[in-house]
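Enquirer: Quick one: the structure is below, questions incoming.
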Amino acid sequence: MTIRYPNGQVYRQPGPTKSKSSKFANVNFGDRGMSLEQEINDSNAYYLENNIAVIHKKPTPIQIVKVDYPKRSAAVIREAYFKQASTTDYNGVYRGKYLDFEAKETKNKTAFPLKNFHEHQIKHMRQCLAQSGICFVIIRFASLGRLFLLTASDLFTYWDHQGDGGRKSIPLTDIEHLAAELHYQINPRIPYLDALDHIIDETSSIH
């Protein structure tokens, strides 16, 4: 079956990553050829298996274009396209709270470009916040090997300012001040719920 992205490019299943032999003391848990998405998926699997949280990646909707019917009782999809995702990457429940978040990365070393986000994602997070959900973004500076968890409210400040003539990126220095830096470990690979604990506790104390 041929699956295509919205731009028509053919989707190809990524092959297995080759393991590299190294001493445990020199392992950088963020440098194993994994995508940020896979690292978060692995972390979510750990949280689920240990009854800590239930968080899943939302499936990307697919539009079926061509179907063959070699048998009356079976249909074979020959061609399909990934549709544009309408919301964010992940959602779930933790400590009785609804979570909704996006994961993005950049090769830029000094700022995070706001063009990595889409208007429909910002709108969706605003709607979730209005219903007392907890929304945030996990940002990775790939060239620096650094990870941050930034609340949606802080993201909105920069998103709204760009429409008023403000800069179209968030400086790394601002992210260092506003966001919680996440550090790789063995399990979970990205312990982002540790940072969320502080956000939930602060929110609970206000109410």
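Please read every residue number as a count from 1 along the shown chain.
Using the three backbone atoms N, Cα and C, a Cβ is placed for every residue, glycine included.
Per Swiss-Prot, Mg(2+) binding site is recorded for Thr87, Asp89, Glu102, Gln121. According to Swiss-Prot, the region 'Disordered' annotation covers 1-21. Summarising the annotation, Swiss-Prot assigns site 'Transition state stabilizer' to Lys104.
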Enquirer: Would you identify the secondary structure of Asp89 (Mg(2+) binding site) according to DSSP, in three states?
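Expert: Where Asp89 (Mg(2+) binding site) sits, the three-state DSSP reduction gives coil.
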Enquirer: Between Thr87, Gln121, which of the binding-site residues has its C-beta surrounded by the fewest other C-beta atoms within 10 Å?
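Expert: Minimum Cβ neighbour count within 10 Å, taken over the binding-site residues Thr87, Gln121, occurs at Thr87.
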Enquirer: Cβ neighbours within 10 Å, counted over all protein chains: which one of the binding-site residues Asp89, Glu102 has the most?
Expert: Glu102
Enquirer: Rounded to a whole angstrom, what is the C-alpha distance between Lys104 (site 'Transition state stabilizer') and Asp89 (Mg(2+) binding site)?
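Expert: Between the alpha carbons of Lys104 (site 'Transition state stabilizer') and Asp89 (Mg(2+) binding site) there are 10 Å.
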Enquirer: I want to verify one value. Collapsing DSSP to three states, which class is Gln121 (Mg(2+) binding site)?
Expert: helix
Enquirer: Test of understanding: give the count of other CB atoms lying within 10 angstroms of the CB of Lys104 (site 'Transition state stabilizer').
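Expert: A 10 Å sphere around the Cβ of Lys104 (site 'Transition state stabilizer') contains 16 other Cβ atoms.
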